[in-house]
Amino acid sequence: MVGMSRIILNNLFFFRCVVAVFSAHSLVISGAVHAGVQISQSPLHGGGDVPGNLAIVASIEFPTVISVANLADTYTPGVRYVGYFDSNKCYKYHYSSRELDRYFYPVASPRPQANYGCNTTGGVWAGNFLNWAATQTIDPFRSALTGGYRVRDTANETILEKAVMDRAYPGNFPRRTIEGLALTTSVPAQWLRFRMRIDGLGNRMRFTQFPGLSTDPLNTEGQPYDPSRHPLNSNDRGVYEVSVRVKVCDASVGLESNCVAYPSGFYKPEGLVQEYSKRVRYSVFSYKNDDYYLDDGGVLRARQKFVGPKTYYPEQGEKTNPHAEWHPRTGVLYDNPNPEDAKATTHRVGRTIGNSGVINYLNKFSQMETGKNTKGFDPVSELYYTAYRYFKRLGNVPEYSVLTGSVNEKYQQADAFPVITDWDDPIRYACQSNVVLGIGDTHTNFDKNLPGNTNTTGEPVKPQAVRNDRSIDVVKRMAQIFQMEGMRQQDAMTSALAPSFNFLVPGAGNNSAYIAALAYDAHTKDMRPDLEGDQLLTTHWVDVVEGGDYKIPISTNQYWLAAKYGGFQVPAGYDPDKTVNPLSEATWWTNGEYVNGDTKAKRADNFYIAADAEKMVASLKHAFSRIVAEIKGAGTGLSSNSARLETGAVTYQAQFFSGTWRGDLIAYHVDKVTGALTPFWNANFPAWEQRVIKFANATTLQDFTKKNLGQTALASASAQQINYLRGDRSQEGNVPGKLRIRSGIMGDIVNSQPLYVGAPNGRLYTTANFTGASAYAAFAAQQANRVPVVYVGANDGMLHAFDANTGKEIFAFVPRAAMPKLLEYTDQNYGHQYYVDGELTAADIYDTKLGWRSVLVGTLGRGGKGLFALDVTDPSNIRLLWDKTSADIGGLGNTLSKPMIAQTSDGTWSVLLGNGPNSTADNAQLIVMNLLTGHAAQVPVSKTSNNGLSGVFPWSSQSNGITDRVYAGDLLGTLWRFTFSDNAWKVAPLFTATYQGKAQPISATPLGAIERSTGRMWIFFGTGRALSSHDMDNKEVQSWYGLIDQGTTIPGRTRLSQVQIVDEGVVNGYAVRTVSDPKNIGTDGWYMDLISPKSGKQGERMIVSNMFRGAALIGTTRIPDNSDICKLSGSGFVMAINPFTGGRLGQWFFDLNTGGGSGGALNGNPVSGVGVSSAPNSPVFTGNIMQIGADDGTVTSLKTPSSGGLNINRVSWREILRP
């Protein structure tokens, strides 16, 4: 394991180059807005405004509709039950001679008691009781998704109606009785008992007092309950019925929590579909309403679309939606928002179809009076396959959507809604996330008629379209999953071919788990080769747990399998065709929860239980929060704990998800033979109360709690807000008074690259002679067993420290400069902000009083003007050195580069950094800080405004590890040389980068080396910047430079030799380029204009630092592309050239031969650069494997030579850090 010892080798006396631990990591993303240099407050990668696709797959047969939602057969006062009624309201019943006008309505008085009961005199009913008594499973599903089925929906009035109970099946909805306190506080009856029935009564509830003699009164027709005529006194032997409808969103008596205000002045109940309507496009799939068991598949009910009054396509902006599903002023739902689809089905049926749309279908399936009950068979795998085909653009299966029989029978099969056969393409953007949210019970039937299956028991002739689909073999995929679940290969295949998976009963059953095979295939293999990148499908599923059947062991639940294998975090380099080993738990089980409390049944992250109404609502809300988090995913760059490809080598990847701005940190084992990555942990956290979170209070660290923050910028925060920042999620919600809903407690990680700090290397400094060098070996021995830690900054306002072995957070720190705007993070209307977004560095330094110490220095980057230092010698007892803001250091701006730790000739251990843009003076300055005291000196380089100094490169000209020279560029294109002599810093320009007279900004840290054969000092850097959207539109030419420092200012390009990009092409599927091979080197070095020989001037730029790798200088470029909304940061190249000529290498560097060997030549010349389709970050080398992390979170791995013969001192940190 590579530890802290490798981090500080930059100070070894026999290396002239003093470099940072980790290569610079700059994304085309940014932070604060200032009058000087504009810096965007959100990532500029692209795709952030692209809407996601959510297909709702409703496996609806009658148990899902008619089963009881609130499972407890005994009503318990004080327990809250879920349904259309407000548990915190009391109701009266409105009677009318017209049945459609009968409903419950809330009253202002009386108010409910503490146990949700009411004073029931005067005809009052308790809303909580009515939820328990009358709610069917599908009601809370509808309520959570759409706000509920509106049977009356006018501008000023909304009445909801419960689901139709179309069967007299008391086994699905038991007949219930209440008495005692439950009765007296729930219903307006002076009875000893209150007996009720729901089953078989449509939208009504029947109730009576007496059980009867030979005939149960509940089996006789009841009379409509009229509170003015039926006092329900003690001797009342009547049988009554109420229509279970409820008036909602009446502001005069108090609004329910899901009521949304409209410009009309009234309110409408809404659900998750409306809430996320600006960010998600929806479609719906279901079955035809046909009870014939040989009817296969599913049908498209509503095609993919926005459902709200506006569309939000990023390239168009906000526009009026021609297929809006509700009125923008009143919120009234439209019956037929997609008349074209309704008309097409009308033509096929011969009877008018007057309903369409996503919300309408979700509210009205099984509600329409077609004369037919809800279907009784559910071939769920075939239904899922229908959605699978939709996203793969394979087209409708005609046999699935055929309507047969009489006009009335066709109408019933259509369920009075469109059956869409002319499918469109649901994927509008290559970077869209595609998600399925399904609901159903596990007692499925006859769903095996799919590609690859030959067991046709209970199945009709396989449709031709299904036979033609060779993209998947469900039997092989299912056998593979069974192997991953622990079965032997032979047993797995036998199980995959079995006549039934978990439901084999006479006249039904013969089901499969092929839904899991389909979900796994769509989640791990590109569905659309015709589009750029991988188009994948993520599956979430809600199991309604029919009859309390949880399917234990849990691996016998097909929905659990589908959610696990269709929702796990796919590791980089994962091969879905060859993998048979179990998935790492870190990829699919991060919630720590179990199904029904069974510790052997771990709840997959995308699997939700709806065994009762309360759980269903919570499950759906959780599912949507995860879905939105997945909709816009991206990742930052990579880091490594080792330069060697050996056992224990680990790569760390930071990620962000722009749906809810959640972050994650993932650790991957690196295969020592192939370099393949296998995840073994995700960032995980203690309970929020137990987290160790600190902030700086004067010279010490204090707990980040409400009581300690009174003298900070967070003094006005509430305890709930501070607890939220600590990770408490109990106060999250969408109603007034609640805090923003998150899908995880860590904020997004964009520009802060993970920093690994392990144990020191005792072999360092064995020949050094500076103060303290002789004591280093003892310090290293003392610290040999300390816990390795990965540090990273996140945009939740914290530096996080994770145990590198487990991923568990052990410490977090909130810098003062992050506090002023941190409460915005808790706001429901939060728009992305940067907080702790800067780079980190760490080193071992010598303190003459305390000896050797390990220290970490961090910046806020785009998040603010701040800088902090911590003593991390003991990870269990991290201590404060200092925490500074621009109020302490006037020249400090948005520091966008890595701070450097170096020892200067006066014996001081210092922090060196460029001040960055937007300082008070708005100019470029070198900041030099005493690392132990925090005292800062500022060295201005010019008075020119709209400028800032970028990353610094320290250098030891005497080869003794003592820094006496620093190189840094600024945003106006000047490369500066700072020289330390006579205890003072002197500054002079080395070169000003220009193209045709226009300055080229330098935003990356330069790199230096000595050319051994000549002794000449070289400095390498590229130009360009990416701080705002304006920068992304800029197509000006940027360049790559190699300059010789001969002690004087280089007057211009005339004394530099020109290198050109001369050829571009494709080798083994990789975009590649070669550069020229100049024979004569300019007096002062070389330059290369980043101009494509085929595409011309594209604005290609170099905004991350160069690095050395063996015989090569490595540079990473980016080519913005504002024509592609999915990747505004564009693409780019990782290039490898001769550092001292700027030309191509004499031998191959990139191994592009997928079958082994080099394969690294284009038209006979060694390849100089390999293209990456998403903008690349600096590569990480582990052994001879180069891993390139891109803005979209993908990782490209390439082999490179295992060693190089470049005749220079060892200056690459990845070489220096070897023991």
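Each residue, glycine too, has its Cβ placed from N, Cα and C.
Range 212-234 is the one annotated as region 'Disordered', of 212-234, 327-349 (source: Swiss-Prot).
The binding-site residues examined here are Gln958, Asn960; by Cβ neighbour count within 10 Å, the least packed of them is Gln958.
The Cβ of Asp964 (Ca(2+) binding site) lies under 8 Å from the Cβ of Thr904, Ser905, Trp955, Ser956, Ser957, Gln958, Thr979, Phe980, Ser981, each on the same chain and at least six residues away in sequence.
DSSP gives Asp964 (Ca(2+) binding site) a coil state; it is part of no helix or strand. Its own atom aside, the Cβ of Ile962 (Ca(2+) binding site) has 20 Cβ atoms within 10 angstroms in the protein chains shown.
DSSP labels the residues of the region 'Disordered' (212-234) in these numbers: 3 helix, 2 strand, 18 coil.
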